[in-house]
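These notes are about the structure you will find just below.
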């Protein structure tokens, strides 16, 4: 145990890796608004993000000889690309388009609430008082946030709210999926299968628009930085820090997205919306910080 601990990388680098990942993810919504404004559909943004991100993971896996797994697992990893990539990426972009980058990012981070429910149903983890309280606080926050209007100062979009919540649901499935498979497989292996298959799923339903050079640059940026490097850095951080610390730092993503949406697009929540967003953050941090440590 001592030898293993001595070989572990420093915690400082772990903080840097996870903070970098959260920052990369926080750029997705605000940057996507630039190309949405050019008439590029949410499906096409999701497709190219999957293509570029998946290509880098696939190359990484080939170079490092990390593609080996069972045939059954190859099928499972690929099918997860439908929900964990194709649907998640698309509904999140629709939420950004309909409700703004800030609201979409906040609703995405209702994911820990779904994780609590799934953990109780599938992993027999107790549904404690703290978890129950957190669920109700988060639900109240979603109601306040949704009913206050979005940060883009436009009418409330039911489609945007539903897609934002669905994105949170799909995002939460990553926790359940990785809990089962990352104990015996590299994350490079998982993403090398699910991202390309997600792109294949999106291809038949995607209408391709003419794109400017700046649009191509943003699409590549989203695939390389906000997908490949973000997920890779997040996993590197997980090797250096415990899960609680990683979860706290990763929750900076919607904060970064909201700040950038305000800076670039003038998105600002009304007071009721700010209260709702604060309740969601409070519920998530209550879950993370107050749950007893496993021994």
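Note that Cβ sites are derived from N, Cα and C of the backbone, with glycine treated the same way.
Annotated domain 'EamA' per TrEMBL: 13-146 (among others), in sequence order.
Confidence across the domain 'EamA' (159-288), taken as the mean pLDDT and rounded to a whole number, stands at 83. Annotation comment: TrEMBL describes 159-288 (among others) as domain 'EamA'.
Residues or ranges marked as transmembrane segment by TrEMBL: 12-35 (among others).
If one looks beyond the transmembrane segment (47-68) by at least 6 residues along the same chain, the residues whose Cβ comes under 8 Å of a Cβ in the stretch are 81, 85-86, 89, 186, 188-189, 191-192, 195-196, 198-199, 202-203, 206, 219-220, 222-224, 226-228, 231-232. Marked as transmembrane segment by TrEMBL: 47-68 (among others).
If you look up TrEMBL, you'll see 75-95 (among others) marked as transmembrane segment.
TrEMBL lists 101-123 (among others) with the feature transmembrane segment.
As annotated by TrEMBL, transmembrane segment applies to 135-152 (among others).
Long-range contacts of the transmembrane segment (158-178) within the same chain, counting only residues at least 6 positions beyond its ends with a Cβ under 8 Å from a Cβ of the stretch, are 80, 83-84, 87-88, 91-92, 94-95, 97-100, 103-104, 106-115, 118-119, 122, 142, 146, 150, 187, 190. Positions annotated as transmembrane segment by TrEMBL: 158-178 (among others).
If you look up TrEMBL, you'll see 190-209 (among others) marked as transmembrane segment.
Long-range contacts of the transmembrane segment (215-234) within the same chain, counting only residues at least 6 positions beyond its ends with a Cβ under 8 Å from a Cβ of the stretch, are 17-18, 20-21, 24-25, 27-28, 31-32, 34-35, 38, 40, 45, 48-53, 55-57, 60, 187-188, 191, 195, 246, 250. The transmembrane segment annotation in TrEMBL covers 215-234 (among others).
Feature annotation from TrEMBL assigns transmembrane segment to 246-265 (among others).
Sequence annotations record features per position, and here TrEMBL assigns transmembrane segment to 271-289 (among others).
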For the transmembrane segment (75-95), sequence-distant contacts whose Cβ falls under 8 Å of one of its Cβ atoms, 6 or more beyond its ends: 28-29, 32, 36, 42-43, 45-46, 49-50, 69, 103-104, 107-108, 159-161, 163-164, 166-167, 170-171, 173-174, 177, 181, 189-190, 193-202
Cβ pairs under 8 Å between the transmembrane segment (101-123) and the transmembrane segment (190-209), at least three: no
Residues of the domain 'EamA' (159-288) by DSSP state, where helix covers H, G and I: 108 helix, 0 strand, 22 coil
